[in-house]
Amino acid sequence: MKEIGLASIEGSDSTTPFHYLVRRWDAIISPKILTMIIKNEPNIVNALGHNSETPLHHACLKNCEESISFLLTHKADINKRSKNGETCLSFAIRAGYKGVIKLLLEHGADADSYKVAYRLSMELGMHDIQNMVEESQQSLKIRSNTLKDYKKGLINRSNGKNKGWKKVWLVLNGQNLKSYQSELEIDTVLYEIQLKDIETITTEEQPNNPFSFIVSTKDGYKTIFSTDDKLSMAKWILAIDGLKTRCFNSCINQFLKKVLLHSVYKESYKGGFIKSSFDEEWMYSSDGILECSESSWNKGGASNNMTYLWDGQQLVPQNGSHSFGWGRFNGFIFEWRVGDFCLDKTTQKTKEYYWEEIEREYITEDIQQCWKWTRHFLTLKHGVGEWIVEGEVPEPVVFFLSLLRYSRLAESEKLKQQSQITSPDINNNVNNNNNNNNNNINENSSNNNENSSNNNNENSNDINSSNNDIENNIKNSCSSNNNNNNHNENILNNNIDKINHSIDKMNIHDSVSICSNNNSTTCEIKEA
């Protein structure tokens, strides 16, 4: 024990031997030695060394997943920050250790750690890690009550090779998978598997038990379960996988997962009709074709050309069909996306739900949009709205119609808002045009009036000028006439004087009268 106590002695930089031991991991020796040290001094697992770095920081820097898993199971603080504010997650992201990042995300981190990790991965251009962080953060919002039972029932569990089978009561919640003696005897847990420790789930036929599956954990241990039929086996596998990841990641081979989803949610359905209280009617056929046969919102024949295809996993629009988006399902989570289905990375997620097995409900953050199954009805838990099924239609298909309707209403509202935004602009343009026209008219009228006034003034000036010229001409003419008359009068007077002189000479006593009238002169000679 004395030698074990040496592991906690701090060096000059505060680093302990325990920090070095977790960095030099040995699969055989390290678990034994570290367990003894932690048992002697439990707090050493979070001891602060150089720059306030914990042993978990050191393990992350060395990319040692076994050491990290060991420390996390012994209550190492995943959110502890170094002197520089670095978390274990940020260390792993900077180094690009994807396995370590996934391991840390599975064990949970606080909101600040997620924000730093997301920002850091975005700055470094690590888009795959960025998506990993985003999905993990989103998964924490899904079914946050991890202790709540999700699925339970009788199942067969193998006692070991050639040791037979035992029927147990299996209960799955958000943290673990527990088996009990029976439904009534749940005080004693026979066996428990932590979901975070599950590495893979595979199927494998066992003697006399064709519907068997194997749950393998990180410590290399395998637990074999079997069910009475293929459908039950598929539902158990999908439920365990869904609650472990709580996103579209999986610990199941993708081909196997597709086969399981197809067998549960498409294979045995003959088809039928889905009618809603929203005046919609859809027809589903056994080959997975979903067609809109009637709708009150049909505008421009859009609904008459709306056909979707279902394969048990995805509901996508047929080529050339009118579309309001597409949906995908992994047995636990539902997503509705808008955008081109062929370009998955460019699509936008608009709705996300998870399937609550026991209550038979579709749950989302908005409680006003949660749905619940009754016998033949899918109905809103709060408010008015329902879908009625006649015939055999997969339940996920019926629920996807609700998500399609939400997408249609959102698109309609968006177009309405755009119309409202555009209308004032049009009115403003019309008013501006009218104002411009009025201004142009007024300007033209003003210019015309101005021109008319100028023309009138010019004409008036011309007339006045002309009148002045005429007046001057008249005055000049009159002046000239007066001068002429004066000259003529002088000449006439001289002539009269000459005549009188001649008469005097002739001694003719005549009476002479001379009359003058402007330009004419009349003489009368009368005998005396």
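Yeah, the Cβs are placed from backbone N, Cα and C, and that goes for glycine too.
Per TrEMBL, the features are:
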| type | residues | note |
| --- | --- | --- |
| COMPBIAS | 425-486 | compositional bias 'Low complexity' |
| DOMAIN | 148-245 | domain 'PH' |
| REGION | 415-486 | region 'Disordered' |
| REPEAT | 51-83 | repeat 'ANK' |
| REPEAT | 84-116 | repeat 'ANK' |
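Counting same-chain residues at least six beyond the ends of the repeat 'ANK' (51-83), those with a Cβ under 8 angstroms from any Cβ of the stretch are 18-20, 22-23, 25, 27, 30-31, 34-35, 38, 42, 44-45, 89, 91-92, 95, 97, 99-100, 103-104, 107-110, 112-113, 218. Per-residue pLDDT, averaged over the repeat 'ANK' (51-83), rounds to 90. Same-chain neighbours of the repeat 'ANK' (84-116): 51, 54, 56-57, 60-61, 63, 65, 68-69, 72, 78, 124, 126, 128-129, 132-133, 136-137, 140, 196, counting only residues six or more beyond its ends whose CB sits under 8 Å from a CB of the stretch. For the repeat 'ANK' (84-116), DSSP puts the residue distribution at 23 helix, 0 strand, 10 coil. Note: the domain 'PH' (148-245) comprises 19 helix, 49 strand, 30 coil (DSSP; helix = H, G, I, strand = E, B).
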